[in-house]
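Here's the structure we're looking at; comments come further down.
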Amino acid sequence: MIMKVFNTLTRQKEEFKPLVAGKVSMYVCGPTVYNYIHIGNARSVIAFDTIRRYFEYRGYDVKYVSNFTDVDDKMINEARKEHTTVGELADRYIKAFMEDTEALNIEPATLHPRATHEIQEIIDFVQDLIDKGFAYEVDGDVYYRAKKFPNYGQLSDQNIAELEEGASEHINEEEQSKKEDPIDFALWKAQKDDDEIAWDSPWGKGRPGWHIECSVMSTKYLGDTIDIHGGGQDLEFPHHENEIAQSEAKTGKKFVNYWMHNGFVTVGKKQEKMSKSLHNFVTVHDILKQIDPQVLRFYMSSVQYRRPINYSEDGLKQAETVLKRYQNTLRNLDARLMDEQETLEDSILRDNLTQAKAEFIEAMDDDFNVQNALSIMYDLTSNLNTHLQKNQVDKPALKKAKKLLLAWLEIFGVSFNEKQTENDDEIEVMVAKRDEARKNKNWAESDRLRDELQAKGIVIEDTPQGTRWHRA
């Protein structure tokens, strides 16, 4: 089957052809670590983790790099406000980010480089751009000559005149006096105050601009040309536009083959973008105190990555209901695999499995159409639940179905591994006593034991195949 990916650069779906057969190189812009990430930030992390997992499901070896921006204006301002250093602030929120993403079952990136650990490489990169005539220095600041790059504006589908008009409205007097053109952007920023974090450079003490950091880290760890560069739609311009200009000016090679951008998280009836500037955000750190991380993860994975997702309690409840359905199906499936009933081949179920697998791959190969894929998963559980009601089941087919469902759920970061606890043996004894009471029609004792089990958080299910239990 042909996998197709929507490329922001060309505004169309394209067949995915990796640079190296069987391998995928991915760079996804990570957070600026001056605070906890909010759910809008998490959308990108979850979306590209799901994409990465699907590539791995399809047999690709994925090298996934996602950076930490640990120095910029926001970092400096927040550190001053909290009377700490930029480095301490970064360490604190990188730790928080890793804890939040671990809770959401995000696979750690192959590499998580930090901008401040790449300063010499950044300086060398900037100097190369100056030597090639793509950059110039003014009073310790270094700017990129945007007009010199012939395709500037192509990614965001803007022409130079539009860009200049927009830039002129936002440029301050100091920048206007330094820049050759309003659309030029900073590669290196001179130190303004003695207490401001800075490094020695050929242009004096200063620090890197935001855009140059990702150009340096992506080319250093993945090469001059990479398969996929991802991030939120708000990074399309200026961040990713500037990355292209910097990287291709330096290397003379195509920077990225497939640009991918995820949609926003919106909130409320007006469906405003969730953002810190609008004060309408919820941090992952806070929301995970209230809901199961797996529910949030699944909810955020349930909409195709390019589409916006409107965050709501109803959406979370619906995601929780669907997850419980999958969990119950797998529990019932396990119970039937362990019962003593003889197996009976079911050609219809086997055909359903073959068809479902093909349709799931077809959906995900179409620019990661998770909505269609999840619909196929849901229909398969319906077929399985019907089959599980029969006196005799096709156990080889059920084993295959279990393996398939678990693999699909893993793509969405969902795992139902229920660890055995110390009192499981005690629960088994109580369930056996209740079964005995039911056989003897001692309904009072049966009800007493059921109530006692429920008080321990145990759910009892009486089926034709016997009693099943699980934790609520």
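In case you wondered, yes, glycine gets a Cβ from its N, Cα and C as well.
Taken from Swiss-Prot as is:
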BINDING   Cys29, Cys214, His239, Glu243  Zn(2+) binding site
MOTIF     31-41  motif ''HIGH' region'
MOTIF     273-277  motif ''KMSKS' region'
BINDING   Lys276  ATP binding site
One should report the C-alpha separation between Glu243 (Zn(2+) binding site) and the residue listed as 'ATP binding site', rounded to whole angstrom, as 24
Other same-chain residues whose Cβ falls within 8 Å of the Cβ centroid of Cys29, Cys214, His239, Glu243, the recorded Zn(2+) site, in sequence order
Trp210, His211, Glu213, Ser215, Ser218, His229, Gly231, Leu235, His240, Asn242
Judged by other C-beta atoms within 10 Å of its C-beta, the most isolated of the binding-site residues Cys29, Cys214 is Cys29
For the motif ''HIGH' region' (31-41), could you work out the same-chain residues 6 or more beyond its ends whose Cβ comes under 8 Å from its Cβ atoms?
68-70, 72, 74-75, 78-79, 89-90, 93-94, 96-97, 100, 232, 264-265, 273-276, 281-287, 296, 300, 311
In chain order, residues whose C-beta lies under 8 angstroms from the C-beta of His239 (Zn(2+) binding site), counting only those at least six residues away in the same chain, are Cys29, Trp210, His211, Cys214, Gly231
Secondary structure split (DSSP) over the motif ''HIGH' region' (31-41) reads 3 helix, 2 strand, 6 coil
Nonlocal neighbours by CB distance (under 8 Å) for Lys276 (ATP binding site), same chain, sequence gap 6 or more
Asn35, His38
Through the lens of DSSP with three states only, how would you label His239 (Zn(2+) binding site)?
helix
Helix, strand and coil counts within the motif ''KMSKS' region' (273-277) (DSSP):
0 helix, 1 strand, 4 coil
Could you please provide the mean pLDDT value for the motif ''KMSKS' region' (273-277)?
83
